[in-house]
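Beneath this line is the structure, given in structure tokens, with notes to follow.
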Amino acid sequence: MKKKKVQWFWSWVIGSVILRLILLYFPKNLNLSSRPEVSTPLTSLRRLAEGYWLKQSSVSPYAGSMYHGSPLLLTLLGPLTVTRVEGQPDHLLCSLVFVIADVICAMLIRAAGEKLQVAYSSRLQFLGLHNLSENSELLPSGDFAALVYLWNPFTIVACVGLSTSAIENLMVVLSLYGACSRLTPLAAFGWVMATHLSLYPAILIIPVILLLGYGPDAPPRKLFWQRKNLDVGNSTSSDSCSEEEAKNQLKMAHVFSWRLVVLFLFWTLLWSSYVLVLCGIYVQQYGGLQELFKRTYGFILTIQDLSPNIGVLWYFFAEVFDFFRNFFLIVFHGNILLMIAPLALRLNHRPCFLAFVYILISSMLKSYPSVGDSALYLGLLGLFAYELKDMQFSFFLFSGYVGVSLLSPVMHNLWIWRGTGNANFYFATAIAYACFQIILVVESVSAMLNHDRMLTKLYTAKLQNVKS
């Protein structure tokens, strides 16, 4: 049975790769690389190719307003943009890089899901909730999440549309996998590179530290305290776990591993210094690191490019008076920061789910969002399929995402090409998209908290039966 499941999983993985390769050979890749939902000023391969051409012409790659990405990404993908294979589609080598990045990202999601499921099942068994433990093992969340990521239309469109978001997603997932596995160098490398590429993953340092300190997601910690008090009060109580295993579970649930956190910070400092040195060498003759920060992170924070995308900020800042621009920049970016602490305090026992929520919020409020951002958090959502099985409005959300995906190109065509509409047509789909993301945040967090309450009620009822 297990072999059949493994064969079934790899068949779907191979199928997703074949589908991507077939779509790559369509004429001009279906023009997806020109879609505002797919390519943004930060993720467009066309802009990257322009920056590389400027670099080859002994001009700063940041001259003008074309390229605003990382010089390391320019070094990696730039040579591939000018390499042509006779009789093959343009940018074929870059496309293959994105396909490989998607597959590796899915495998890391699968491995992280397996670690989360094993840790969660063992802690449920330690609490004596064997039925829940067996039910959670019926659905391999790692396999499910990996396939959701690979077969998500947003992921496929981003890959075929030559968006560099596949590389950014890979770095984010690499950081989370390293934290779940407690591999501090890997977690630090993924976090540093993800932050370097798109800035917003910087907030993921909190869930990464919680993963390293406390370990993977677990039931509320007060349940383990109750178990400890019960063992102290009734030393002869029978338990399916050995005494040594019980001590290990209690230690994992309550003891924060400062050693791993300090190692993570050390490796973060090391990788950050290495990245800054490489970037400094690359842009030394083009203004140095100060110019780099201005053209990349400054471009992100000040929202200089107001070309349409699936976000809401481009329209707002196109309409707002310049006098109020700085104020609203602080307001919108501050919204992300204001939600960090409350969510971390409430969901500190579920750091991986906390990372999913952070990614979803930043994808909704970031300056230049794309479907590649949605592909990442929808893939991570599959890791919590068992805990969120009772989430409300699931069909409504699914229908909403499908509707927005279909209407957005139509409204853009009516506005830009046919001239029978205006910017409000396209902006309406962006507002709807943001509303669906808000509903997803609220409902997923509510469903997870309800799941924790259910665990608390079940364990409290079991304690009362034991005492009686």
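From the backbone N, Cα and C atoms, a Cβ is placed for every residue, glycine too.
According to TrEMBL, the protein has these features:
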TRANSMEM  7-26  transmembrane segment
TRANSMEM  62-80  transmembrane segment
TRANSMEM  92-113  transmembrane segment
TRANSMEM  154-177  transmembrane segment
TRANSMEM  189-214  transmembrane segment
TRANSMEM  260-284  transmembrane segment
TRANSMEM  296-317  transmembrane segment
TRANSMEM  323-345  transmembrane segment
TRANSMEM  352-371  transmembrane segment
TRANSMEM  391-411  transmembrane segment
TRANSMEM  423-449  transmembrane segment
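Same-chain neighbours of the transmembrane segment (391-411): 35, 37, 153-154, 310, 374, 421, 425-426, 428-430, 432-433, 436, 439-440, 443-444, 446-447, counting only residues six or more beyond its ends whose CB sits under 8 Å from a CB of the stretch. Contact between the transmembrane segment (352-371) and the transmembrane segment (62-80) is absent: fewer than three CB pairs lie under 8 Å, with pairs separated by 6 or more positions in sequence.
With a cut-off of 8 Å on Cβ pairs spaced 6 or more residues apart, the transmembrane segment (260-284) and the transmembrane segment (154-177) reach fewer than 3 such pairs and are scored as not touching. Residues of the same chain lying 6 or more positions beyond the ends of the transmembrane segment (92-113) and with a Cβ under 8 Å from any Cβ of it are 13, 16-17, 20-21, 24, 29, 45, 77, 80-81, 83, 85, 140-147, 149-150, 155, 158-160, 162-164, 166-167, 169-170, 173-174, 176-177, 180-181, 352, 379-380, 382-383. Contact between the transmembrane segment (7-26) and the transmembrane segment (154-177) is supported: at least 3 Cβ pairs lie under 8 Å, counting only residues 6 or more apart in sequence. Sequence-distant contacts of the transmembrane segment (62-80) (same chain, six or more residues past either end, CB-CB distance under 8 Å): 41-43, 45, 47-52, 54-55, 91, 93-94, 97, 164, 167, 196-197, 275, 278-279, 282-283, 286-287, 291-292, 295-296, 299-300, 304-305. Counting residues 6+ beyond its ends, the transmembrane segment (189-214) has Cβ neighbours under 8 Å at 42, 69-70, 72-73, 164, 167-168, 171-180, 182, 252-253, 256-258, 260-261, 264, 267-268, 271-272, 275, 296-297, 300-301, 336-337, 340, 344, 348-349, 351-352, 354-355, 358-359, 362, 366 in the same chain.
Cβ atoms under 8 Å from those of the transmembrane segment (154-177) belong to residues 16, 19-20, 23-24, 29-30, 32-33, 35, 37-40, 42-46, 48, 69, 73, 77, 91, 94-95, 97-99, 101-102, 104-105, 108-109, 111-112, 186-191, 193-194, 197-198, 201, 204, 207-208, 211, 352, 355, 359, 370-376, 378-380, 405 of the same chain, restricted to positions at least 6 beyond its ends.
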